[in-house]
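Down below is the structure, laid out as structure tokens.
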Amino acid sequence: MDGTEARQRKPEELGLPHVLSTGRPPIVSEDGLLSVPESERVAPKPLGLEVSRETALSIGLQVALPFVFAGLGLSGAGLLLDYFQRWPVFSELKDLLTLVPPLVGLKGNLEMTLASRLSTAANTGQMDDPREQHRTISSNLALTQVQATVVGLLAAVAALLLGAVSRQELDLVKAEVLCASSVITAFLAAFALGMLMVCIVIGARRLGINPDNIATPIAASLGDLITLSLLAFVSSFFYKHRDSRYLTLLVCVGFVALTPVWVLVAKQNPPVVKILKFGWLPIVLAMVLSSFGGLILNKTVSKLQFKGMAVFAPIICGVGGNLVAIQTSRVSTYLHMWSTPGVLPLWMKAFWPNPCSTFCSSEINSTSARVLLFLVVPGHLIFFYIIYLVEGQSVPNDRSFVVLYLLAGLVQVAVLLYLAEVMVRLMWRQALDPDNHCIPYLTGLGDLLGTGLLALCFLVHWLLVGTLEPVSGAS
């Protein structure tokens, strides 16, 4: 059997490990496509070598703790959003709630990818030399600031356009407050979380801990809390000083004017330059998808039948985004190890795989999809119980709502996991890195799908309660 035939056979048939690594990421060409040098391609290990295989139990144990840790942060974010929505600025600036999903989504599109890049650099020894460490950190932080400033401004514009279309009006003073609040929140949140990721990666490296195992969960757990708090306080400040002429305009212009400076700093690192050139489409489209989720939240959160929705929105969106990001990363790693960019293995040739094969086969990607799907119900029950302990009777807590809420979470994650399998295959076939091109799309779609299903859950529950109460009263 030659090497080509061995590569086209499933790892399960060869008895080989499911995760192999050279320790180096694939090279990005000038046009943004992936290529793997022949010298760095991973050859399958000899058949006679005994190796361990990942099991559903090992995957579950590795994923469960970071998942719960991140979920606690999401629960805190939900409680904060429910508290902040009563502030005068959220009542007066109707489009401010529309900003919440896209700004919170920057955590997944910017900070979590930053943590991944820094962890890869640390694990491959690129940050062992002090000069190289400084160059890598400064260029990556500068890239994050550029992306945060641009996407923050675009998110505000998208929220204003959606609000103007739905209400047929546009207040310029409120528009200036919204733009300034969005840009500063995105900028400061990206800087704070970016510095936190740098400290975690360097500290973990010095302690001999793999940064990949701790950096991303911390970004997921703290990102929502930091972003929501900044948005509330910054927008309140600008709203109080809305009569100060040119304040918000000068702030927006000032932060945007800093963008060329960050670009010059980012250009120190050639891989970062490539991301700066080719990495915009995924995060901008993800922002647009999240903005539509924010519009749903904006239109429903103040209505009686949707009381308590603000508490659960960050949780259901965050859980779906975290789980689909894990699966996308796993499938991407699988392809990096068992194929070359632009070429799919024979057993993954179908662009639209059968859903049964995605969840019910014996392949390792199907096993991980089942594990992640099984985490949805116990995870949501834990987070729901925390919300109930804090909020009490102010949120729906009867059996019918719990069942509907769990069903919404299951449907959301099942759809996202299937789409992750499809999108990774499509991107890999185009020789694009799935980590950079799939995760933003899927997290943005997770925000839209999660908010929509949550609104449907509240609506159906309200209709059921309204139907059952007269019946019980008559009896």
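Using the three backbone atoms N, Cα and C, a Cβ is placed for every residue, glycine included.
Look at TrEMBL and you will find 1-15 tagged as compositional bias 'Basic and acidic residues'.
The domain 'SLC41A/MgtE integral membrane' feature in TrEMBL is assigned to 100-233 (among others).
As annotated by TrEMBL, domain 'SLC41A/MgtE integral membrane' applies to 314-456 (among others).
Feature annotation from TrEMBL assigns region 'Disordered' to 1-21.
According to TrEMBL, the feature transmembrane segment maps to 63-84 (among others). Remote same-chain partners of the transmembrane segment (63-84), defined as residues 6 or more beyond its termini with a Cβ less than 8 Å from a stretch Cβ, comprise 90, 100, 104, 213-214, 216-218, 220-225, 228-229, 231-232, 308, 310-315, 318-319, 322-323, 326, 371-372, 375, 379, 382-383, 386-387, 390-391.
Look at TrEMBL and you will find 146-165 (among others) tagged as transmembrane segment.
For 177-204 (among others), the entry in TrEMBL reads transmembrane segment.
Residues or ranges marked as transmembrane segment in TrEMBL: 216-239 (among others).
Residues annotated as transmembrane segment in TrEMBL: 246-266 (among others). Proximity of distant same-chain residues to the transmembrane segment (246-266), defined by a Cβ-Cβ separation under 8 Å and at least 6 residues beyond the stretch ends, is recorded for 138-140, 142-143, 145-146, 149-150, 153, 176-177, 179-180, 183-184, 187, 238, 272-273, 276.
The transmembrane segment annotation in TrEMBL covers 278-297 (among others). Listed as Cβ neighbours of the transmembrane segment (278-297) (distance under 8 Å, sequence separation of 6 or more from its ends, same chain) are residues 28, 31-32, 97-102, 104-106, 109-110, 147, 150-151, 154-155, 158-159, 162-163, 166, 309-310, 313, 317, 436-441, 443-445, 447-452, 455.
For 309-328 (among others), the entry in TrEMBL reads transmembrane segment. Packing against the transmembrane segment (309-328) from elsewhere in the chain are residues 63, 67, 70-71, 73-75, 77-79, 81-82, 85, 100-101, 104-105, 108, 112, 216, 220, 224, 228, 293, 297, 300-301, 365, 368-369, 372, 375-376, 379-380, 383, 387, 391, 395, 405, 408-409, 412-413, 416-417, 419-421, 423-424, 434-435, 438-439, 442-443, 446-447, 449-451, 453-455, 458: each is 6 or more residues past its ends and has a CB under 8 Å from a CB in it.
Taken from TrEMBL, the feature transmembrane segment covers 372-390 (among others).
The transmembrane segment annotation in TrEMBL covers 402-420 (among others). Same-chain residues lying 6 or more positions outside the transmembrane segment (402-420) and placing a CB less than 8 Å from one of its CB atoms are 312, 316, 319-320, 323-324, 327-328, 331, 355, 358-359, 369, 372-373, 376-377, 380-381, 384, 438, 442, 445-446, 449-450, 453-454, 456-457, 460-461.
If you look up TrEMBL, you'll see 441-465 (among others) marked as transmembrane segment.
Panel annotation: around the transmembrane segment (177-204), residues 93, 95-96, 99, 103, 106-107, 110-111, 114-115, 118-119, 122, 127, 133, 137, 140-141, 144-145, 147-149, 151-153, 155-157, 159-160, 210-211, 214-215, 218-219, 222-223, 226-227, 230-231, 234-235, 238-239, 242, 247-249, 251-252, 255-256 of the same chain, lying at least six beyond its termini, place a Cβ under 8 Å from a Cβ of the stretch.
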